[in-house]
Amino acid sequence: MKILEIIFSTSFGYAILRVTTPILFAALGAVISDKAGVINIALEGIMLMAALWGVIISAFTHSAWWGLVAAIVSGVLMSFILAYFSLNLKTDVILAGIALNLFSSGGTIFILYLVAHDKGISSSLKSEVLPQMTLPLVNKIPVIGPIFSGHNILTYIALLAVILVYVLLYRTPLGLRIRAVGENPDAADSVGIGVNKIRYIALLLSGILASFGGAYLSMGYVSWFSTNMTAGRGFIALAAEAMGKGTPLGTFFASLLFGFAGALANNLQSLRIPSEFIQMIPYIVTIIGLVIYSSSQVSRIKKVKEQ
Amino acid sequence: MHREVLFEIVRTAVAILISLFVVFLIVFLVSSQPTEALSKFLIGPLSKVRYFSNVLELSIPLIFNGLAISIMFQAKQFNIGAEGAFFMGAVAATVVGITMNLPRIIHLPFAIIAGSFIGGILLFIPAILKSKWNASELVSSLMLNYILYYFGIFIINYYLRDVNAGYMVSYPLNSSVLLPKLMVGTRLHYGIFIAIAMIIIMYYFLYRTKWGYAIRMTGLNEKFAEYVGINVKKVILYAQIIGGIIAGMGGAVELLGMYTRFEWQKLPGYGWDGIIVAILARNNPLLVPVAAFFLSYIRIGADLMARMTDVPSEVVSVIQALVIMLIAAESFMAKWRHTMVVKRAKEEFYVNNGGSLQ
Amino acid sequence: MKEILKMQNITKVYPNGIVANKRVNFSVNEGEIHALVGENGAGKTTLMKILFGLEQPEEGAIYLNGKKVSINSPFIAIKNGIGMVHQHFMLVPSLTVAENIVLGIEPRKRGFIDFKKAVEITEELAQKYNLKVDAKAVVRDLPVGMKQKVEILKALLRGAKILILDEPTAVLTPQETEELFEELLRLKEKGHTIIFISHKLREVKQISDRVTIMRHGKNVGVFKTSEVTEQDISKLMVGRDVVLKIEKTQHKPGEVVLEVKNLTWINEWGKPTLKNVSFSVRSGEILGVAGVEGNGQRELVEIITGLRKFDKGDLLLDGKIINNLSIKERRELGISYIPEDRMVYGVAAEASIAENLIADRFEKREFNHGILTNIRKIASFSKYLIEEFKIQCSSFNQKVKMLSGGNIQKVVVAREFSSGPKLLIADQPTRGIDVGATELIHKKIIELRDRGTAVLLISADLNEIMELSDTLIVMFGGEIVAYFDDLSKVTEEELGTYMLGLKKQSYEEIRRVLYA
């Protein structure tokens, strides 16, 4: 019964949004690159790098905003490397992504040590945190207020990003081209659209979104950087994108599901269930979600064939 | 044939040189004693028997994981659950090593078999999810790694934790289960012979048995494999089970050879290293030890450099990433190869056609 | 009449060594409908791909309105007023008609796509050329004929004065074809020039002003369509330049080996590609299947070999039903298969010759030594086959991808022939390979027949099918339209009329192929 009490509290609702934010950013990044026909496995590494640079630069400039800018720049650089190798040098995009993730997980420790003389955590750096926002009017409404008001500004940006990504993909010429390139590159090519150019843009946008997620982790969710703090969120984002059928809105709901699982894991710590099992929840939910999604795809294809 | 091999050797060498060069640049940028750092990095591992032994010790888990990943990559399966299988292999060996009391001749093999068995079962999970429901083995194996990590930690924490030890470790393993050391004063253990045996077995398995043949053909051209009557689904399943067995075995061997208690607080990362090894070795078991030795050497070199100078050892992650990306890059040095191919094709064309198009 | 386009001395050699165009000259007048005809592999599509900038020729020049142009990408072709409607449509299925049409030149309003304008543009254009399309419909849901209209509109919007249509009627129903022709005539009235690739002669006669005939990569004649008959064109299209005579004895057919009964196959668009097909192949006999490609041959072959599941009809091998057997089980019963596309199904190009040769029998006891493979046996077996089939290579360890096309095909043939098959299905066994390899493969097919194998031969090469087959069926529109038990009495012209669907035998005549 205690579980229900936890789930139906407003603080749990608040926690869901809080946990969803980084996954949602990365998942939206996955939406854009996937729509252009390239799988971005490097989201995990891009987030991690961004989380670190956000902390470092915000500590040096005493400005969380400059930290955010640095995080984004690092994300752009990482996705540029990914794009260059996979599009120009024809490295398998999955292997290139794996390589970038390995690079991030070691590289962040390297940089952290040089800057903070610590290989685990950035607590010696006085880094800044992005501000929280109280929504006027909304915060006065019972139930809704405590759930939706008072989040980190990036949480609101993430929600806004769902709409922006939707508009980009379905309302702008660039979005139309991104979708065309992903679905039928020959068709795009035959009307003179540069397929590689569009894929570059998509990967860069994808990296920018993921770096927002990374910045949130170290400058919002918590106020420090620790090694491998992304803990698989980049991969969970890929699953969320798949479950959301690649649409911004579907991906948003799938991300919420993982946010729910994560918030549950955080909140059940007080129960007498071994914490290890609770921490597994998001990953188990991901696998189950992936299986349900993939098997529904298989039966859909079967149906089409049978008709 | 020879030309192809030569081309791959040159390509690998160039990729390594480029990566090393980038690392040199970084070291010169960040270090106040760059030459000292680089000499430690490059020849440090050769300076003492103990250091060189460290290289060999570290090669062992890299070999196991390199083999595991190689066989799965040969079947074109991106299952990267070797990490979790390795970890759980070690947990299984810990359970056997602590809870049972058997004569060494039974106890030690039993612990290793238990680790292998668990590894095989675990990597069967992403494999069956793929073949039954078409769920991407890449994503599910990634998630599986986290689940296995928490599951392993749970077992150690709740059942085998030695509360008197002061930090989170298991009870000591029975001495009857430990792999003996090969050389006094080093940690090099008999596990290296198991690794060598596995290299040979896996080489024979892949290149000299019908099952290995089916794996390779499925990986090279799945449509062709289906057309000649190979049961492709079955092949994809057993390739991943075998991968899991080797990774699990590696975990058990690592634990029994290098430790007296289970001490890992996080995933050791050898599963990911296995990917680097497999790519460097072109998924060929005979090249796996070479690749593992190389990776191990630069790791130990970097450790020595970090210990004696101001450059952190994680600088090797730059080498690793660059080497993977360059070797996997189809177009990297492709122009050079293409001119070779075109030249030959032209020669053949003119010989066969009497030098004219008519 | 003013000459709008001239292609001069075009030579194209593909990287695999196939010479698709040999010093081809091709010229088109302004405002005409010009048909480009020839058999499959005659080089029509290659020539048009060069014109549209998708392929670069080794030699030759292109002149537009007398001015030399270099076209190295579709983008340049479009700029020069050339549009192409490909056989496989270049459309994005999930987008609407209007979105597909304006892709790359989207109308904008404050940075966003002006969807209303896009629909307007589409409707205006459709109105102007009288090509009725629903601008808001999603392309995925459209019938093929509609998709083609979208493709034509796409080209017209980009200012195409010369419109290339690559076998536009291949996917259309007769009604849709009629509609297309009316549209093409209207385009012609508006001053557009149309190049029409086809091998359907009736259509060529009906629609074109002039016709260029290609054979084996060469231009073999240009005529005013009104001055030639279908028979004349057909003769030039399929006529032999080298008479390929194959030595073979009279066949002695035995028992029925393969029996196909009432086979029907409906494709994913609900169009039947096999309609109630029934025939038998007897031991010691080569049954040829003639027909223009895309008349159900591929589906037939894939169903017999087990690559494609089916539900209507029966397959019997030696009188036993094999409908649901796996590929492996069918192979074990003695079915061998030379696939149409050797690089996709025939070989693992990265594997060695030996590995490719044992692919269908690597599990057999004779190739294994306990749990290990018997490398000595594999080596001697490979050496034997390399010699027997004259595969030119440096050793049996050489990778297959290093071989020439003819030698790769010999690897496939060596494997499939050496298993002692009861039934051999040879799908385009000599396509795109040199004369020497072709002769060898023909000789081997006859050897197999003489030893009692039933052979089903599918070929687009009339020459090959006439010379090699003992008996012959002709397929058109997913049906068997003719059966000949004595090929000496059939002329190529007569065969052509059946292949093009101009004539059909009676039910009783066709039934004879069941030998029952």
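Quick reminder: no glycine exception, Cβ is built from N, Cα and C everywhere.
Note that TrEMBL annotation is computational and uncurated.
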Scan B:210-234, B:235-259 against TrEMBL and say which stretch is down as transmembrane segment.
B:235-259
So if I exclude everything within five residues of the ends of the transmembrane segment (B:85-102), which remaining residues of that chain have a CB under 8 angstroms from its CBs? That is, six or more out.
61, 64-65, 68, 110-112, 114-119, 122-123, 145, 148-149, 151-152, 155-156, 159-160, 170-174, 176-178, 243-244, 247-252, 254-256, 261-262, 264, 267-268, 270-271
Can you say which of B:12-31, B:51-73, B:188-207, B:235-259 has the most Cβ pairs under 8 Å with the transmembrane segment (B:108-129)?
B:235-259
Interface present between the transmembrane segment (B:12-31) and the transmembrane segment (B:235-259) (three or more C-beta pairs under 8 A)
no
Please work out which recorded stretch in B:12-31, B:188-207, B:315-334 has the most C-beta pairs separated by under 8 angstroms from the transmembrane segment (B:51-73)?
B:188-207
Residues of the parent chain within Cβ reach of the transmembrane segment (B:188-207), under 8 Å, 6 or more residues beyond its termini
53, 56-57, 59-60, 63-64, 67, 70-71, 74, 112, 179-182, 215-216, 242, 246, 249-250, 253-254, 256-258, 284-286, 288-289
